[in-house]
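*Asks:* Sharing a structure here in structure tokens format.
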Amino acid sequence: MNILIFGPPGSGKSTHSRTITERYGLTYISSGDMIRAEIEKGSELGKELKKYLAKGELIPDIVVNTLVISRLRRDRNNFIIDGYPRTAEQVLALENYLYDHGIRIDVAMEIFISKEESVERISGRRICPKCGAVYHLRYRPPKVPGKCDLCGSQLIQREDDRSEIVAKRYDLYVKNMEPIIKFYKKQGIYVRVDGHGSINEVWERIRPLLDYIHNREKKRKENE
């Protein structure tokens, strides 16, 4: 089973991607994780990528395409790709690669939330720069305001978590995804899931669909 999953900032797609990965034994491929790993290396590329994120702008297509497709060369089937493709150029690069290698996508799933919900979820997030613990001012506040429960360090807000940056990222997401959604609708594999509510509530909207696809693909392979 091969899945594309996408959604606006704060939609919970990465959280659900990891649950899906574990439940169905898939390989998790995240463009965001690969970009952040490059930034953490402190490489010249990482420094350039950090500038784009700080301004709420998309990473250049050629960079993201190279990162994702190089990963796909190692894991050609049973994968979930989180947050890619996000532009028409990325769709073209991915589709060309899949066609050349006889790979098909079973479902392109969008977890959708409103702009207001997106801004609230992301802008309230606080990170511990020392141990990496994540908090939220509303949903998971620290015991002592501004301090990490685990190590006592001062919590910070990432630059790209500021409300004005989140709003910009949301608008950019909606604009860029419109033609991509149309493309996957034409292929008959696009599904939109309501991302409002708790993690468990959203998961119960996702699980029946993926169970069905998983069982369908299992039977298809048995009959080959």
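Just so it is clear, glycine is given a Cβ too, placed from its N, Cα and C backbone atoms.
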*Asks:* Which single residue out of ARG23, ARG125 does Swiss-Prot record at the ATP site shared with GLY10, SER11, GLY12, LYS13, SER14, THR15, VAL134, TYR135, GLY197?
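*Replies:* Candidate in the recorded ATP site: ARG125.
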*Asks:* Which residues of the same chain, at least 6 positions away in sequence, have a Cβ lying under 8 Å from the Cβ of ILE59 (AMP binding site)?
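*Replies:* Correct list: SER31, ILE35, LEU49, TYR52, LEU53.
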*Asks:* Between the binding-site residues GLU57, TYR84, CYS148, CYS151, ARG158, which lies closest to ARG125 (ATP binding site), Cα to Cα?
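*Replies:* Looking at Cα distances from ARG125 (ATP binding site), the smallest one goes to ARG158.
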*Asks:* So which one is it: of the binding-site residues ARG86, ARG125, ARG158, which has the fewest other Cβ atoms within 10 Å?
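*Replies:* Across ARG86, ARG125, ARG158, these binding-site residues, the one with fewest Cβ atoms within 10 Å is ARG158.
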